[in-house]
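Trainee: Straight out of Swiss-Prot:
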- 1-23: signal peptide (SIGNAL)
- Asn53: N-linked glycosylation site (CARBOHYD)
- 56-76: region 'Disordered' (REGION)
- Cys92-Cys142: disulfide bond (DISULFID)
- Cys97-Cys144: disulfide bond (DISULFID)
Amino acid sequence: MASMRTSSMSLLLLLSLVALVKAGVIIPQSPGCPPTEDKNFPQHVRVNLNIVNRSTNSRRPTDYHKRSTSPWTLHRNEDPERYPSVIWEAKCSHSGCINAEGKVDHHMNSVTIQQEILVLRRESQHCPHSFRLEKMLVAVGCTCVTPIVRHLA
């Protein structure tokens, strides 16, 4: 989870930097610069992918996936054509939820919690340093919900 959190934070910082540069907030634009709304404004920027602050000072329990009433396991999703190349995704351990006695209760449903993230996708194999932004839906955990019951009339 810490690796996934670090990757998510680095992408968030990267996207914030791109947005600030495009808006001209970080680098003041001289009067001769084209406005960002101009169709001739460049759609490409150079970004250094080295993360400045990889360590975080927050110490949180990392066993939520085991203690939850809807436990999950983490599976490695690896794609060398994507940055970050490794993203950890959750998979619910049961279709039902764990009750107070520690047994699976099939009157409740375990469902994944999904988060949309932005990743960098390699443009082509011929240009290894060229990436484009891509949305990706990632399962980050599971939760317990009441089932949807449909009554036939």
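Cβ atoms here come from the backbone N, Cα and C positions, even for glycine.
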Trainee: Using Cβ-Cβ distances, find the residues under 8 Å from Cys97 (disulfide bond) that belong to the same chain and are at least 6 apart in sequence, listing them in sequence order.
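Mentor: Non-local contacts for Cys97 (disulfide bond): Thr69, Ser70, Val104, Asp105, Met108, Asn109, Ser110, Cys144.
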Trainee: Relative to the Cβ of Cys142 (disulfide bond), which residues of the same chain, six or more apart in sequence, are found under 8 Å away?
Mentor: His65, Ser68, Ser70, Pro71, Trp72, Ala90, Cys92, Ser93, Ser110, Val111, Thr112, Ile113
Trainee: When you measure from the Cβ of Cys92 (disulfide bond), how many other Cβ atoms are you left with inside 10 Å?
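Mentor: If we count other Cβ atoms within 10 Å of Cys92 (disulfide bond), we arrive at 23.
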